[in-house]
Every structure is written in C-alpha cells, then in structure tokens.
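Chemist: Sharing the feature lines straight out of TrEMBL:
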type	residues	note
DOMAIN	A:5-179	domain '3-hydroxyacyl-CoA dehydrogenase NAD binding'
BINDING	A:G10, A:T11, A:G12, A:V13, A:I14, A:G15	NAD(+) binding site
DOMAIN	A:184-255	domain '3-hydroxyacyl-CoA dehydrogenase C-terminal'
2 protein chains.
Amino acid sequence: MTVQKVAVVGTGVIGNGWIARMLAQGYDVVATDPAEGAEERMRRAVEQAWPYVEALGLAEGASKDRLTFEKELADAVKDADFIQENVPEVEELKQTVLKNIDQHAKPDALIGSSTSGIMPSELQANLQHPERVVVAHPFHPVYILPLVEVVAGKQTTTENVDKAKAFYESLNMSVLLVRHEIEGHIADRLIEAIWRESLHIVNEGIATTEEVDKAFTHGAGMRYAQYGPFLTFHLAGGEGGMRHMLKQFGPALKKPWTKLEAPELTDELYDRVVSGCEEQANGMSMSELDQNRNEFLIRLYDLVQEYWPKETEKTKA
Amino acid sequence: MTVQKVAVVGTGVIGNGWIARMLAQGYDVVATDPAEGAEERMRRAVEQAWPYVEALGLAEGASKDRLTFEKELADAVKDADFIQENVPEVEELKQTVLKNIDQHAKPDALIGSSTSGIMPSELQANLQHPERVVVAHPFHPVYILPLVEVVAGKQTTTENVDKAKAFYESLNMSVLLVRHEIEGHIADRLIEAIWRESLHIVNEGIATTEEVDKAFTHGAGMRYAQYGPFLTFHLAGGEGGMRHMLKQFGPALKKPWTKLEAPELTDELYDRVVSGCEEQANGMSMSELDQNRNEFLIRLYDLVQEYWPKETEKTKA
C-alpha cells in the first residue's frame with residue numbers, strides 16, 4: 001500500500017475523528033470543509049482526541065503538525081492517495097461532493113465514504129472512476145472504536161476493495177467486509193432497531209430516557225461490549241447454547257414486544273428526548289462527558305482485546 | 001428488611017445465577033426443581049460462579065454451605081421470607097407454579113418472578129395473596145450483572161414494592177423500578193429489537209452470525225457497556241448533543257432500514273444460527289467461553305463503576 005497523503009472532506013464529528021486516527025498512524029492529512037470556523041473546530045477536536053490516540057499508541061513519525069487545511073476541495077484532494085468523505089447524510093449532497101472529488105483527485109486515488117446508510121452503488125453511479133469508491137463506515141469516537149464496515153459497490157473492483165481494506169488496517173482498525181449492499185449496512189440496522197424501540201418507549205411515557213439507558217447498559221449493554229447478539233444468546237442458553245435458546249425463546253419472537261414502525265418525531269417527543277439527555281448529564285459538560293467516555297473506552301478496549309475469544313485461542317494455538 | 005431465608009423455585013441458568021448471588025450476600029437459600037439431576041447441576045453451577053462472586057466481594061458469613069435443596073416445592077417455600085420464581089417462560093406454567101407457591105408460603109413472604117416478558121398483573125391474577133408479587137427480571141449472568149427490573153402488578157402494594165426493592169438492593173443490585181407494565185418490560189424490548197433484526201440479516205444471507213456480532217461489538221457494543229441508546233446519541237451529536245442529532249438523523253427514522261417483524265424461524269434459519277455460533281466459539285467449550293466472559297465482565301464492571309457519570313458527579317459534590 002502506497003498511501004502517504006490522505007484528504008478528509010467534511011470535518012464534523014466523524015471527519016475529525018478520522019483525522020486524529022490518521023495522524024496518529026503517521027499519515028499526512030489535508031482537510032477541507034466549507035463551513036465558517038471549520039479549521040478552528042477541527043484543530044480543537046484533534047487536540048482533544050490526541051491524549052487518547054497517544055494512549056492507544058502512535059506510529060513512528062506521527063504528528064499533529066502533519067495536518068493542513070484547504071478552503072477549496074479541489075486543492076485538498078488533488079495530491080491525495082486516499083480520500084475520506086464525511087459530508088452530511090443527504091444522498092444528493094454526497095453525490096455532488098463525490099463527483100467533485102472524482103473530478104479533482106488523481107485517477108487512481110481511492111475514495112471511502114463514511115455514509116451510515118447509503119449504498120455504495122448509488123454513490124458511485126455518476127462518477128468517471130466509480131471503480132475506486134467504497135463505503136467505509138466508522139463508529140464514533142472514530143479515533144478509539146476499532147470497527148469500520150467496508151462495502152463495495154457494483155462497480156468497485158476487487159483490487160480496490162483489497163487496497164481500501166489494507167489502508168484501514170494500517171489505521172489499526174477492525175475491518176468488516178460487508179458482502180451485500182443494504183441500507184444501513186449491518187451495524188446501523190441494529191442500532192436503529194434499538195433506537196426506534198427506545199423512542200417508542202419514551203414516546204408512550206413508559207420510561208424516561210435515563211431509565212431506558214439504565215435498563216440497557218446495566219444488563220445487556222455490559223455484555224455487548226464483548227459479545228454480539230448471537231454469542232450472547234448462545235451463552236445465555238446454558239450448556240445447550242443457542243440450540244436450547246432458540247427452542248426456548250423461538251415462540252416469543254412472535255409476541256408483539258416491539259413496535260414495527262418508527263414513531264412520529266413530534267415536538268413533544270423531541271423535547272422529551274433532548275431534556276432527558278440533558279438531565280442525565282447531571283451538570284457534566286459535553287466535553288467532560290466526552291472525556292469520561294474516552295477514558296472508559298480506552299480501558300475497555302484493552303479488556304476487550306485481552307478477553308476476545310478468538311485471539312485467546314489463536315494465541316494458545 | 002427481615003429476609004433471612006430465600007427460596008429459589010426453578011434451577012435453570014437464571015435460578016442458579018440468583019442462588020450464587022444470594023449466597024454471596026449471606027442469605028440462607030433453599031432451592032427446588034422437579035427435573036432429574038437438578039440438584040447436582042445446581043451445585044456445579046454455584047461452584048463455577050463462586051470465584052466471580054468472591055471477586056466481587058462476599059458478605060460476612062456468606063457460604064455455599066448455606067444452600068439446601070428440596071424435592072418438593074411446598075417444603076422449599078414454607079419457611080422462606082422471599083421466594084424467587086424462575087420456571088420456563090410459559091404463562092400457564094408460571095401461573096400454576098405461582099399458585100402453588102402462594103398456597104404453601106407464609107402469607108407475608110414476598111414473591112419475585114424472573115419472567116422476561118409476562119406482566120405481573122397476569123401472574124398475580126388468581127392468587128390468594130396477590131399483593132406480594134412483583135416481577136424481578138435479572139440479566140444473565142445474574143451473579144455478575146447488576147440490573148434487575150422490578151415491576152408491580154395492579155394488585156401489588158407499594159409497601160411490598162419497597163420491600164422487594166430493598167431486598168434486591170441488599171444483593172448489590174441496581175434496581176430499575178419499571179413504572180408501567182408492558183410485555184418485555186424495558187430491556188428485553190430493546191434486546192428483542194436487536195435480535196429480530198439480527199435474525200433477518202442472517203436469514204437473508206446478508207451476513208453470518210459472526211459478522212453481525214463483530215459489526216455490533218467492535219463499534220456500538222463497546223459504547224453500550226457504559227451509555228445507553230440515548231446518551232450514546234447525545235454524545236455522537238458533537239457539541240450540539242441530542243438536539244443536533246435528532247435534527248440530523250430524524251429523517252432517517254422513516255427509511256426502511258429495519259424490519260421489525262420477526263422472520264419465520266425455519267429449519268434453515270435455525271441451523272444457520274446454531275452453526276454460526278458454534279463456529280464463532282472456535283473450539284472453546286461453553287465453560288471456557290463462560291469463564292472468559294466472566295473474567296471480562298468482572299473487570300468491565302469495575303470500569304463501568306469507575307466511569308459512571310452520575311457517581312463521579314456525586315463524589316465531586
């Protein structure tokens with residue numbers, strides 16, 4: 001892999017997370033965003049992230065000084081070997097920006113889109129070099145959480161998927177190649193399912209946001225840091241594992257526990273959700289919460305690595 | 001609270017988890033289960049759990065020797081101050097067993113049902129002393145995970161809810177009083193939503209169980225050990241928090257990302273899910289997986305405690 005210079009297009013929460021991760025792994029990064037004050041916010045975000053990427057380990061030569069900002073997208077992407085797109089989740093906007101990138105980038109530069117839900121075939125449809133586009137969907141905070149879902153579109157070449165995978169692995173990420181295009185890829189479908197049901201519960205006045213959060217984290221959530229929905233149920237089945245679990249809880253699947261459609265996002269629901277979260281923060285500022293979460297995740301990440309079953313087995317073997 | 005002796009009715013995975021937790025907090029426990037070999041399996045389960053409850057801290061006088069087993073339910077419950085019911089999740093069976101408990105227990109003994117989904121008003125409907133029944137729904141492994149959802153039925157007295165809450169708190173549990181009866185209480189509605197969507201993804205051949213688990217744990221799952229669906233999105237909104245998040249992702253709620261109806265549990269889906277889990281275990285036995293998960297959760301639990309935002313604030317104040 002010969003990537004040396006990466007361009008980051010769009011410097012919101014996700015774009016800035018990518019920048020910190022890329023700098024930490026020794027890349028030159030050039031960022032661009034048309035918003036007023038974007039560069040200043042970006043530099044602040046990188047400063048805030050830096051202690052955490054340091055704790056996870058910097059590559060040789062990694063430096064915040066290797067970050068530059070360009071006002072014009074064309075200037076940002078023209079010399080880049082890899083371009084990560086992170087503009088707002090609006091299909092037309094993403095298509096326009098990608099067309100712009102496609103036009104000004106080197107023809108063999110790879111393009112990853114951070115889209116949460118849009119399928120890569122739709123993103124690459126009108127480009128001159130569609131074969132170099134993948135979806136590469138990370139998770140906030142991008143500079144700590146290891147997962148990136150990589151999805152190829154119909155026109156993406158296998159060679160370019162392999163190159164993209166190698167690049168994200170060079171960022172110390174856990175690459176999940178999603179083999180079929182679906183809206184929301186995989187992880188966000190599960191997150192959305194939790195989210196919709198949570199909104200229903202709050203909307204119907206069954207529980208507050210804080211109660212929902214407590215109900216989730218103190219029980220299931222602690223398990224999900226390590227094992228996903230399948231292995232969790234496999235373990236909950238006792239010695240019979242999933243085999244027993246499906247027999248025992250199969251019938252309950254048909255019970256109307258969950259709501260099928262999303263609730264209307266009324267003003268009332270909006271206010272209830274927003275004020276619920278603000279109360280839960282209990283006087284901690286966003287940056288205090290953020291720092292608290294980061295310190296936790298750094299230590300949790302070590303734990304997850306240490307206790308990951310496959311790695312343990314491989315190490316033993 | 002004057003509970004000294006607890007009866008545990010039904011010694012499957014959940015019942016045995018309760019037993020270990022109760023013994024660890026210094027209670028006398030008498031268990032009953034009509035299944036062949038139940039006592040032996042129970043004693044083995046308590047042995048396996050013991051190192052973990054020791055690591056979390058034993059109450060003074062706590063001992064595995066304070067566990068007895070009775071073949072007959074009537075003998076098990078007759079002197080108990082608190083009875084925890086954990087028979088299979090079949091409404092008619094639970095109602096029959098609760099009637100039996102109600103008949104043989106002291107009239108003022110409290111009864112908690114571990115039901116995942118049945119509402120307490122339905123469980124207490126035909127009892128002589130319905131006012132003493134609550135749902136008390138724990139999470140596997142019960143001897144480590146702190147959450148218990150406590151739900152009162154229409155006939156449960158406030159006094160008895162308070163007593164039940166005090167009892168579960170004496171077990172070092174985090175008690176969530178669920179203020180409205182709904183099927184699945186709160187946590188299991190979220191777990192079911194994830195589970196149904198996961199089954200759809202596997203059913204349609206989009207991804208394997210292992211890929212779904214990886215997609216969930218390495219991203220969202222690590223976050224959910226600490227913050228629930230609401231605070232997670234609050235943090236992902238950047239400085240604008242949930243306010244920004246709802247504006248940005250509100251529209252996506254209407255997109256058909258999730259399929260909240262359950263798929264048919266065909267033989268093919270059954271096999272795919274079971275063999276997926278068995279492959280994921282990668283040669284580790286259920287008890288190795290179990291031990292690995294326990295060691296992880298013990299350490300994670302410490303981390304979650306240390307970084308819980310409210311506690312931090314309270315400590316500071």
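Glycine too: its Cβ is placed from the backbone N, Cα and C atoms.
Where in this structure would I find these features, and how exposed are they?
Modeler: When averaged over the domain '3-hydroxyacyl-CoA dehydrogenase NAD binding' (A:5-179), pLDDT in the model lands at 95.
Within 10 Å of the C-beta of A:G15 (NAD(+) binding site) there are 23 other C-beta atoms, taking all protein chains into account.
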Chemist: Can you tell which of the binding-site residues (A:V13, A:I14) has the fewest other C-beta atoms within 10 angstroms of its C-beta?
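Modeler: Lowest Cβ count within 10 Å among the binding-site residues (A:V13, A:I14) is A:V13.
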Chemist: Measuring CB to CB from A:G12 (NAD(+) binding site), give everything in the same chain under 8 Å that is also at least six residues away in sequence.
Modeler: A:D33, A:N86, A:P88
Chemist: List which of the binding-site residues A:G12, A:V13, A:I14 have a Cβ under 8 Å from any Cβ of chain B, in sequence order, or say none.
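Modeler: Cβ contacts with B, in sequence order: A:G12, A:V13.
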Chemist: As a quick check of your reading of DSSP, tell me how many residues in the domain '3-hydroxyacyl-CoA dehydrogenase C-terminal' (A:184-255) are helical, how many are strand and how many are coil.
Modeler: 57 helix, 0 strand, 15 coil
Chemist: Taking the Cβ of A:G10 (NAD(+) binding site) as the centre, count every other Cβ atom within 10 Å, in any protein chain shown.
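Modeler: So the number of other Cβ atoms within 10 Å of A:G10 (NAD(+) binding site) is 25.
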